[in-house]
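Quick notes on the structure that follows.
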Amino acid sequence: MTDIVDELKWRGLIALSTDEDALRKAFADGPVTFYCGFDPTAPSLHIGNLVQLITMRHIQNAGNFPLPLVGGATGLIGDPRPTSERTLNDPETVAAWVLRLRGQVERFLDFEGPHAARVVNNLDWTSGMSAISLLRDIGKYFRVNTMIAKEAVARRLNSDAGISYTEFSYQVLQGMDYLELNRRYGCTLQTGGSDQWGNLTAGTELIRKAEGKSVHALGTPLITKADGTKFGKTEGGAIWLDAEMTSPYAFYQFWLNADDRDVANFLRIFTFRSQEEIEELERQTVEKPAARAAQRALAEDVTTLVHGQEQLDRAIAASKALFGQGDLTELDAATLDAAVAELPQAQVGELASIVDLLAATGLVPSKSAARRAVKEGGAYLNNAKVTDEEAAPTEADLLHGRWLLLRRGKRSLAAVELVRTA
RNA sequence: GGCGGGUUGCCCGAGUGGCCAAAGGGAGCAGACUGUAAAUCUGCCGGCUCUGCCUACAUAGGUUCGAACCCUAUACCCGCCA
């Protein structure tokens with residue numbers, strides 16, 4: 001088996017680490033217990049978190065013990081964002097999100113066998129803790145000078161948003177998590193995004209001071225895109241791992257649309273393919289970019305990982321049907337139904353104007369926007385451009401007597417179902 | 001507690017009585033070109049029953065023919081001082 005540090009390195013999953021040689025030695029000396037935290041700041045994890053989950057999986061596959069941590073406590077506090085103070089979520093909401101994230105995390109790691117993972121929640125060791133204990137037993141190890149030097153805090157101190165004591169204290173909580181996991185389970189490695197680096201080192205420093213032990217931290221890089229825009233965001237917002245929040249079809253489409261310049265990186269980071277396979281796909285991207293073999297491989301692997309084979313098959317079938325060059329009216333009912341099921345839908349009792357229908361499906365946010373879309377030539381009915389704002393589909397336009405396929409621009413699709421009331 | 005500054009459209013940010021649905025930038029959307037890509041160019045970018053009307057410049061009142069701009073109160077934020 002290749003060295004896990006080398007494995008993570010060629011994949012580009014290591015941006016920062018405490019002491020690489022010491023870490024290699026720790027891995028060589030036997031199984032390492034490691035942790036990575038996920039804060040419940042939303043009802044679902046998103047593809048940014050996927051980097052962490054995959055990193056954990058690689059390390060587990062190399063024979064180590066993962067402790068995925070769901071931040072029931074840290075989620076109540078919120079880590080300092082670079083821009084402004086967070087609004088606190090109420091405890092019931094956070095508790096509900098903890099359960100959801102827990103369920104998601106469990107799909108990515110192996111909870112059985114010789115290197116079984118174990119989910120932990122930092123609320124378990126913080127909820128019963130007194131303020132005095134926090135200040136005496138933990139606070140003494142933290143120097144304010146060090147704390148304000150951390151980038152996340154420094155930026156906020158220099159901004160006019162300032163920073164609350166609550167968020168300022170976040171690093172203390174996260175540092176304490178590492179200490180606690182070190183004491184309970186002998187955890188000696190924490191992984192996380194490099195934007196969390198200050199929080200990761202808060203833990204290693206605390207353990208060095210409190211326990212006199214030297215432990216490790218590993219920061220994954222911020223995922224960047226060639227065009228400079230933020231990774232993981234689309235028109236609709238974040239790409240979530242929850243199928244209700246981002247449909248498997250939309251998820252598949254997201255990866256399929258990866259930039260040529262990014263696709264090889266994404267394959268290394270988000271798939272488990274070998275170096276040779278990825279190099280071959282890279283070659284194909286150069287030789288036959290229009291075939292998008294690398295994008296397909298990426299979309300297939302990640303969709304399978306997150307949603308499973310069955311959902312992937314459906315996403316592919318729908319994509320083929322909807323983006324195929326064939327005439328839509330030639331699609332058989334079963335294929336059409338399946339494809340349409342992947343799209344945002346609207347039900348109408350009667351056929352309205354194209355403008356009303358576009359707005360009804362949510363393809364555009366308002367009727368004004370719908371008019372604009374038509375005016376700009378960006379509105380399509382059953383793959384045919386609509387140029388008249390007043391146009392209204394007729395019975396003859398219904399596919400299989402039931403569906404209308406609306407498109408905005410090149411790739412935003414939605415279906416309208418005519419529901420006949422008896 | 002005192003004093004000062006601030007709160008503008010998705011974000012940043014101009015505007016300080018009519019010419020303001022509000023400059024500029026960013027983000028976003030569309031078109032051309034393409035490969036459901038990128039880059040580039042062009043257009044759009046509060047809503048509607050769309051040559052007009054409605055809503056909007058923290059909130060609530062007021063002054064005025066007329067207010068994002070003036071006054072009063074309230075809320076929140078920031079800074080300095082105690």
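Using N, Cα and C of the backbone, Cβ positions are placed for all residues, glycine too.
The 10 Å shell around the Cβ of A:Tyr170 (L-tyrosine binding site) contains 24 further Cβ atoms across the protein chains shown. Positions annotated as L-tyrosine binding site by TrEMBL: A:Tyr35, A:Tyr170, A:Gln174.
Positions annotated as motif ''HIGH' region' by TrEMBL: A:40-49. Residues 70-72, 75, 78, 86, 89, 94, 96-98, 100-101, 104-105, 193, 223, 231-232, 238-242, 245, 254 of the same chain lie 6 or more positions beyond the ends of the motif ''HIGH' region' (A:40-49) yet place their CB under 8 Å from a CB of it.
TrEMBL lists A:230-234 with the feature motif ''KMSKS' region'.
The ATP binding site annotation in TrEMBL covers A:Lys233.
Confidence for the domain 'Tyrosine--tRNA ligase SYY-like C-terminal' (A:339-412), expressed as mean pLDDT, is 88. If you look up TrEMBL, you'll see A:339-412 marked as domain 'Tyrosine--tRNA ligase SYY-like C-terminal'.
Sequence-distant contacts of A:Tyr35 (L-tyrosine binding site), defined as residues of its own chain at least six apart whose C-beta falls under 8 angstroms from its C-beta, comprise A:Pro66, A:Leu67, A:Pro68, A:Leu69, A:Val120, A:Asp177, A:Tyr178, A:Leu181, A:Cys187, A:Leu189, A:Gln190, A:Thr191. Non-local contacts of A:Gln174 (L-tyrosine binding site) by the CB criterion (under 8 A, 6+ apart in sequence, same chain) comprise A:Gly37, A:Thr74, A:Asp79, A:Gln196, A:Asn199, A:Leu200, A:Ala202, A:Gly203.
Our reading of the L-tyrosine binding annotation (A:Tyr35, A:Tyr170, A:Gln174) yields a largest Cα to Cα distance of 17 angstrom.
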